């Protein structure tokens, strides 16, 4: 019989092997917050294990081995993290990044290794969307490959993606955002504590109206927050999840990735998120379709909006403003975090050109040519009647006397006429 210690080691090894694949249920909170978070900006601290798929993406400085929180991310499985593409606008080298899993508290600028149950990992590969537009933040989505694979456990677990047939999320869902970003717009550095906030999904037509974002939002975005502001994501929350569920007890589904906004918690300037459902095929093409087996069942209600079109025309400036938090102050400090007071307004929409006039109708076919006139009646071919013998004899006598004759209006020489006349038979006078 094996000693108890050996059996315990075997059991732990089997559990660790199963957890290392992160094949368990997705979207489940290991510890619910009984108070329910209401804010990130000025908000409520999340308890450890409340959002086990949350990842802190940290800039690493080799000269002093320090790490600085910059963006959030979502754990999909033991090998991949989903985040925002704009986090890597200025930091694309894999050795510049570290990932911390299972954290509730983080220390900005620390050089200390993490302690269990937290896990620190390297970035093996950065995969940004091939049509990401840093000017408009279109297709603001990216994937990070984890090395070595991270094991799931009590405070680390995968997030759910929506079903490919579910379409856009319904507005009636309960949604949360979470992150270590700024707790107010002009904060000097990110929050050391994971914050959470409950937000409402806002209709895209309202969010795109003139007094709000004035046409900047595309069909591949989600708009979440409150019309009056006050509760919002902020700098340092980029790449983190917008998580929703329809009913109590159901798993949370990552419906969006924190992308951009104007300021933080401003009225009529809610947070803008990259919707995940339009990019499921792209994610599967990069990490394998098997990695999406944890997607929630399809929503019975058919989608209410069409799939996204492609891109907004580029503007003169980036739209800001949940860019990642300012990095280490030396040697390459990031710009001051205070955003521009308003996003660049896109040029006024021009009226569509009038449709070209219809082509003129084809001309009517020419009338058929008139029928040819009937041919004149053929000239009579009746031979002239022969002159009587007495008449011919009289004409001969006149010729012999030197006379001439006329036929109609045409003058005829009598000598030639006599030569052309019908030969007169010889007359013999009886003696």
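Just so you know, glycine gets a Cβ as well, placed from its N, Cα and C.
According to Swiss-Prot, the protein carries these features:
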| type | residues | note |
| --- | --- | --- |
| ACT_SITE | 86 | active site, charge relay system |
| ACT_SITE | 140 | active site, charge relay system |
| ACT_SITE | 238 | active site, charge relay system |
| COMPBIAS | 331-341 | compositional bias 'Basic residues' |
| COMPBIAS | 342-381 | compositional bias 'Pro residues' |
| DISULFID | 71-87 | disulfide bond |
| DISULFID | 175-244 | disulfide bond |
| DISULFID | 207-223 | disulfide bond |
| DISULFID | 234-264 | disulfide bond |
| DOMAIN | 40-288 | domain 'Peptidase S1' |
| CARBOHYD | 19 | N-linked glycosylation site |
| CARBOHYD | 208 | N-linked glycosylation site |
| REGION | 295-385 | region 'Disordered' |
| SIGNAL | 1-16 | signal peptide |
Spacing of the two Cα atoms, residue 223 (disulfide bond) and residue 208 (N-linked glycosylation site), in whole angstrom, works out to 9
Looking only at the recorded positions 140, 238, 244, residue 208 (N-linked glycosylation site) has its closest CA neighbour at 140
So residue 87 (disulfide bond), by the Cβ count within 10 Å over all chains shown, scores 26
Spatial neighbours of residue 238 (active site, charge relay system) among the recorded positions 71, 86, 87, 244, using Cα within 10 Å, are 71, 86, 87
Among the recorded positions 208, 238, the one whose Cβ has the most other Cβ atoms within 10 Å is 238
Here the Cα-Cα span from residue 86 (active site, charge relay system) to residue 140 (active site, charge relay system), rounded to a whole number of angstrom, reaches 6
CA pair residue 207 (disulfide bond) / residue 234 (disulfide bond), Å rounded to integer, equals 18
Among the disulfide-bonded residues listed as 71, 175, 234, 244, 264, the Cα nearest the Cα of residue 140 (active site, charge relay system) belongs to 71
Whole-Å Cα distance, residue 71 (disulfide bond) to residue 234 (disulfide bond), is 11
Running the disulfide-bonded residues 87, 234, 264 through a 10 angstrom C-alpha radius around residue 175 (disulfide bond) leaves none
